[in-house]
Each structure stands twice: as C-alpha cells, then as structure tokens.
Amino acid sequence: MKVYCLLLVLLVGLVSQAHGQLDKKCQMVCTMDYRPVCGSDGRTYPNKCTLTSTACMSQRSITVFHDGEC
C-alpha cells in the first residue's frame, strides 16, 4: 500500500512539472486587437496570437482557416 501511495505522489509530481514546462513554453502576450480569424477547428479567435496560444496550450495543431469569423 505504501508503495502505491509513493508511486501516486511521484506521478502527480511529474504531471505537475510537465504542465509547468508547457505553461512557460506557451506564454505569449497577445494584444486585445479584435481581428478575428477562423481556426481550422471551426472556432473564431479574436486574433492570430490568441489562436496560436490556444493551440500551444492544448497541444493541438490549429491553423488559420481564413480571416474573419467562422
């Protein structure tokens, strides 16, 4: 039982560390300019920077499908 608890604690620590590294990698300062773009996921983003940031944080490949709202 103690071994399982120790493994669980280690696993939680590793996941937390990986998430922290992802946050640092994906940190972007996006302006509040509203220049909507339609993402390849069918969602409208306020601007290209927001789309890029969302793609990085979600670890998905989202590209600009076209300018303007979807």
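A Cβ is built for glycine as well, from the same backbone N, Cα and C atoms used for every other residue.
Residues or ranges marked as signal peptide by Swiss-Prot: 1-20. For 21-70, the entry in Swiss-Prot reads domain 'Kazal-like'. Marked as disulfide bond by Swiss-Prot: Cys26-Cys56, Cys30-Cys49, Cys38-Cys70.
A map of Swiss-Prot features onto the structure.
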residue : record         : contacts (Cβ under 8 Å, 6+ apart)
Cys26   : disulfide bond : Ser53, Cys56, Met57
Cys30   : disulfide bond : Pro46, Asn47, Cys49, Thr50, Ser53
Cys38   : disulfide bond : Thr44, Tyr45, Val64, Phe65, His66, Asp67, Gly68, Glu69, Cys70
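Under DSSP, residues within the domain 'Kazal-like' (21-70) fall into helix, strand and coil as 16 helix, 9 strand, 25 coil. Of all the disulfide-bonded residues listed (Cys49, Cys56, Cys70), Cys70 has the fewest other CB atoms within 10 A of its CB.
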